[in-house]
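One structure below.
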Amino acid sequence: MFENFLYAISVVFLWENIVLIIVGTAIGMVFGALPGLTVTLAVTLVLPFTFDLSPESGIILLTGVYCSGTYAGSISAILINTPGTPSSAATAWDGYPLTQKGRSLEALSVGLHASVIGGLISAVALIFFAPMLAKTALAFGPPERFALTFFGLTIIARVSGVSLSKGLISALFGLLIASVGVDPIMGVPRFSFNTFYLYGGVGMIEVFIGIFAIAEIFNQIGKRAVMAQHSKSDSQTKTIRWKEIVPHYWTVVKSSVIGIIIGVVPGTGGSIASFIAYDEAKRSSKEPELFGKGSLEGIAAAESANNGVTAATLIPTLTLGIPGNTVAAIFLGALLIHGLTPGPQLFVNQGGLMYTIMVSFIMANIVMYFQGRLALKWFDKIVNIPSSILLPIILTMCLVGAYTISNSLNGVIVALIFGCVGYAMIKFEYPSAPMVIAIILGGMVEESMRQSLILSDGSPMIFLTRPLSLAFFVLTIFVTFSPMVIKQWKKRRNGGGQA
Amino acid sequence: MTSSGVFLRGNVSSITTLLIGLFFFLSIPSQIGISESTDLSGVNSRTMPYLIASAIILLSLYTIVSNIFANRKVETVKSNDEPNEITSYGRVFLAFVAIALWIVIVPYLGFNITTIMLVTTIMIIIGKCRWWQIAIVALALSFPINYLLAAVLKVYLPSGSVFG
């Protein structure tokens, strides 16, 4: 462990990797601060540019984008009452009232400090808990792996949308897309429709660009989104100070831990974490009446929780191969593209790389802090870039990114098709996260299922006779049906009460 | 609107997923071959696609049926609701056509010229921008990006058969 840790430090502190972290955090900050642009979009667009880098450098760049993008959502939430990322929605409740009172810099300062502390605590959790979980996961055989991925997909489908059936359909389409190409076990082509390009399967990154970026561009064009003008803030006149966060120290620590716990559960994410932490901070606050009217404690809770998720969400991703959210799914995709299969074996075979990821999270948060301090004066201007200028820039980046992956227009065609699919999913309220995660996990799901059935001579009982596998299936049933049972029970109780 | 119209409008996405599921289910025999020698324990290349397509069909049917029952319940209390947000599908369609044309034309005219055309079109579709903004953004996104990718990442974007 110690050698890997030293190796990680030596890699992260190479000058080219420090430059990549600085560039990554700058990109993430701009994307996160702009309403309508998400961290997922930023990570997706940067991903094709990591192909020419080493796996370590590529992941370091993505880490910078991820950490600062998650934080920067709070900037537009505070300044113009429009969360840059969904996880910053709770920040806007207290951030914008403070801006209206002329205290925007105080709010931004608390947001930055809480984000950095949340991110650092999350990185420490990743360093300590991921190797422990990986050791446990080493005992997993094909039936356990199948049951676990099945459980992960179900929980993601359950929590990522309003309807379970829509979430499951989305995940199933992801599995179907993953099955396109040559069958990994028997080498038989599937759903190639006599097209040479489809023999290699549908490109993962092209799908991401389509579903996340092009679909969002269509959505913004359809809505004719115009960036709102915000009031003049006081960022030119003051500086950011640590003392503003000190009274909220306990809230920050507690909210960061909430973020870590929620981040570890696949399918959850910063949004849920920030709302739960905000609610908990309000419940335990000495001044709950200030919440929603301009409470610094509320900002501290929401921001430390959503940044607490960042590294924690990589714990199941790296150890079990189950991405915690869409950004973690793209991280997983990045590892696969670099020829690395996530899972417990990765800690055995690529310990240095694993610790590099962990250390890069700490470094990214430190760089993010200094960049945040320096860039705060410019955020007023950045958040006002009109969508008529912004969208063509992002569209061009999407087209270039999709082209550079395979050096052919096939990638751009796939991205455009999935852009239309993604747009239809937005309009019909199908969550995209289960589909994307299923595309990534599809190969693992099928391989482990078929290996298990071969081991048991075709009997599906193998999934129910092994304790761990059975436990995951019981959990799957519980997660799927418990909300319905609780809903029915509450309905009956209320009905009974009224009668 | 007639009851069949209401039914179609409320279930258009589920009907679409049902049709796609059926299409994939029926195309499995023609799209996925099986080799008897490697058919282990009844599990083969078709097993997973069959399971997935069946599940999509069943879930789509379930969604349609549950929508019918849900509609029956709310039909009596439903008023003439106006949608909260108006979407301009015409603009989205024009943007789609512009990107599709970019894909068709780029091998002939090259990245620079087609990107200038695309960016100009998209900015006009979105509206609320001045001609000099269009000119600056279009030029900034074509030549500099092409040069940077070639010089830094050694990625060469199409130069166009007309000019190449």
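Placed from the backbone N, Cα and C atoms, the Cβ positions cover glycine too.
A quick note: this is a predicted structure, and the numbers were derived from the prediction, not measured.
Annotated in TrEMBL:
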- A:18-437: domain 'DUF112' (DOMAIN)
- A:20-47: transmembrane segment (TRANSMEM)
- A:59-80: transmembrane segment (TRANSMEM)
- A:112-134: transmembrane segment (TRANSMEM)
- A:146-162: transmembrane segment (TRANSMEM)
- A:168-189: transmembrane segment (TRANSMEM)
- A:196-218: transmembrane segment (TRANSMEM)
- A:257-278: transmembrane segment (TRANSMEM)
- A:320-340: transmembrane segment (TRANSMEM)
- A:352-370: transmembrane segment (TRANSMEM)
- A:382-403: transmembrane segment (TRANSMEM)
- A:409-426: transmembrane segment (TRANSMEM)
- A:469-486: transmembrane segment (TRANSMEM)
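Within its own chain, the transmembrane segment (A:20-47) has Cβ neighbours under 8 Å at 12, 53, 57, 60-73, 75-76, 80, 82-86, 205, 208-209, 212-213, 216, 220, 225, 227, 326-327, 330-331, 333-334, 360, 363-364, 367-368, 371-372, 375, 379, 382-383, 385, 387, 390, 394, 397-398, 401, counting only residues six or more beyond its boundaries. Counting only same-chain residues 6+ beyond the ends of the transmembrane segment (A:320-340), those with a CB under 8 A from a CB of the stretch are 39-40, 43-44, 47, 50-51, 55, 58-59, 62, 66, 133, 137, 145, 148-149, 152, 204-205, 208, 212, 263-270, 309, 312-314, 346, 350, 353, 432-433, 436-437, 440-441, 444. For the transmembrane segment (A:352-370), the partner stretch with the highest count of Cβ pairs under 8 angstroms, out of A:59-80, A:168-189, A:382-403, is A:59-80.
Contact counts against the transmembrane segment (A:409-426), taken as Cβ pairs under 8 Å, peak for A:196-218 among the stretches A:59-80, A:112-134, A:196-218, A:382-403.
Packing against the transmembrane segment (A:112-134) from elsewhere in the chain are residues 1, 67, 70-71, 74, 240, 242, 244-245, 248, 252-253, 255-257, 259-260, 263-264, 299-301, 303-312, 314-316, 318-320, 344, 346-347, 354-355, 357-359, 361-362, 364-366, 368-369, 372-373, 376: each is 6 or more residues past its ends and has a CB under 8 Å from a CB in it.
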